[in-house]
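Enquirer: Sharing the features that TrEMBL gives for it:
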- Cys156-Cys190: disulfide bond (DISULFID)
- 259-319: region 'Disordered' (REGION)
- 277-298: compositional bias 'Basic and acidic residues' (COMPBIAS)
- 299-308: compositional bias 'Acidic residues' (COMPBIAS)
- 440-461: transmembrane segment (TRANSMEM)
- 470-511: region 'Disordered' (REGION)
- 473-484: compositional bias 'Basic and acidic residues' (COMPBIAS)
- 485-501: compositional bias 'Acidic residues' (COMPBIAS)
Amino acid sequence: RHQTDRMPVSMVTLCLCLYDKTQHSQHFDLVTTSIFINSLWIWKSLTSLLCVQVTYKAPEPMGEHFFAESFDRGTLDGWVVSNAKKEDTDEDIAKYDGKWSVEEMKDSKLPGDQGLVLKSRAKHHAISAQLLRPFTFDTQPLIVQYEVNFQSGIDCGGAYVKLLSQTPDLDLDQFVDKTPYTIMFGPDKCGEDYKLHFIFRHKNPKTGEYEEKHAKKPDSDLRTYYTDKKTHLYTLVLNPDNTFEVLVDQTLVNSGSLLKDMTPPVNPAAEVEDPDDYKPEDWDERPKIQDPDAVKPEDWDEDMDGEWEAPQVPNPACETAPGCGAWKRPMIDNPNYKGKWKPPMIDNPNYQGVWKPRKIPNPAFFEDLHPFRMTAFSAVGLELWSMTSDIFFDNFFITNDRNTAERWATDGWGLKKAAEGAADPGLATQMMNAAEERPWLWVVYVLTVALPLVLIIIFCCTGKKKSAATPAEYKKTDEPQPDVKDEEEEEKAEEADEAEESSPGWCDADVRKHSPVVGLCWSD
């Protein structure tokens with residue numbers, strides 16, 4: 001059933017009233033048109049949402065891919081829960097003992113749709129799975145996407161994924177925070193700090209060591225994705241031309257270059273400051289100095305409170321005697337006081353600027369023009385700590401073909417979006433919820449909804465009296481004409497008029513109108 005079945009009867013009545021008014025009006029003016037259009041807009045808004053029944057079908061990967069997981073088998077087959085302990089951590093919280101489960105969302109709109117759920121709060125969680133085959137960075141892009149739903153909101157915790165580097169000693173049973181990864185990607189929040197990580201580990205070609213490179217912070221406001229308790233699709237795209245894209249719900253929220261938009265930069269500076277250089281003792285960094293040739297004017301008055309007098313000490317004999325002590329003239333501000341004289345400042349002729357160490361060639365300099373060629377990875381993992389439980393993950397997908405990823409997203413996240421949209425509260429409820437967060441919206445509601453309704457009611461319930469039709473209009477419309485009075489009746493009417501004119505204090509509404517002065521009348 002569509003929501004049009006629940007359209008308020010009052011709206012129908014108002015629209016019919018408008019129609020009736022326009023049918024019997026000689027002029028359909030601009031105000032009437034505006035009111036009618038507003039009423040139609042309100043009706044359209046109220047009937048735009050549909051109660052659509054969405055049937056779930058597990059997505060099936062079509063095209064080349066390296067990993068696909070929908071969890072619709074209802075088991076954790078293929079996934080390995082870590083049995084390791086976190087190093088450099090208190091023994092009572094070091095173990096990765098957080099619980100995982102495969103289940104439907106608590107408020108699932110798609111019966112049969114299951115996902116991976118982080119079940120424990122304030123515990124370390126780690127789980128991972130092998131790819132169908134390792135992903136090697138060559139001439140094809142990398143597309144990573146998965147879904148997250150913070151069913152209970154999120155206070156402090158992450159929901160990011162790690163792409164674990166292909167190494168000879170990779171052991172998923174011992175997956176910990178220090179397990180080497182190639183890319184870390186996904187949402188993270190603590191307090192009011194909303195993050196969407198994209199980090200990759202870059203190998204220094206000179207030393208062989210790895211260093212984390214962090215993408216710039218997205219310009220978009222990410223708050224909604226953490227608070228609306230809806231399922232969101234997170235996508236990372238890396239291209240062989242060293243560009244990257246970060247999307248949420250297939251909308252771009254961040255993009256840039258691996259060479260220009262990472263911190264710290266992939267390539268170090270060609271020159272660095274000489275650590276052995278030092279500032280000379282006679283280096284002058286003062287841009288201004290006092291004028292050595294300036295002389296204080298003779299009439300310059302620096303006395304603020306008069307002549308100086310030695311401080312007085314208490315007289316013990318005056319402690320008990322009333323009115324004891326020498327009389328002193330009260331002090332007033334010196335009208336000629338100019339403050340302490342200082343010579344004016346002039347440019348320092350010896351100014352040498354702010355000293356900086358000299359530059360020397362960077363001994364650690366290298367230039368990597370292809371940071372896209374990262375370390376191959378062979379597994380995907382979640383290594384998380386969260387103060388909120390019931391974080392829902394679903395539909396992990398890794399591929400090198402964008403069209404294949406979009407089809408997977410349509411078959412998985414697309415169904416969730418449709419089901420959640422169909423289950424959204426009605427327009428009135430959404431408007432009320434929005435106004436609770438943004439009180440200024442009440443003004444908008446009054447101007448766009450309440451005001452047109454009031455105008456419609458006024459228009460329907462009031463109106464001008466019809467003016468008398470001209471003979472030409474009677475002839476045109478064939479409308480019955482009122483009877484014409486004969487001469488005798490007209491004479492009687494004139495006599496009645498004369499009698500009324502001689503009677504002060506009242507007016508006949510049929511032939512007279514009130515003047516602006518109460519009690520006075522004039523005839524038509």
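Cβ coordinates are placed from backbone N, Cα and C, and glycine is handled just like the others.
On a predicted model such as this, the values are computed, not experimentally measured, just so you know.
Quick one: where do these features end up spatially?
Expert: Listed in sequence order, the residues of the same chain lying 6 or more apart from Cys156 (disulfide bond) and placing their CB within less than 8 Å of its CB are Lys189, Cys190, Gly191, Ser386, Met387, Thr388. Reduced to three states, the DSSP call for Cys156 (disulfide bond) is strand.
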Enquirer: What is the number of other Cβ atoms found within 10 Å of the Cβ of Cys190 (disulfide bond)?
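Expert: Looking across every protein chain shown, the total is 14.
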Enquirer: How do the residues of the compositional bias 'Basic and acidic residues' (277-298) split into helix, strand and coil according to DSSP?
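Expert: Tallied per class, the compositional bias 'Basic and acidic residues' (277-298) gives 0 helix, 3 strand, 19 coil.
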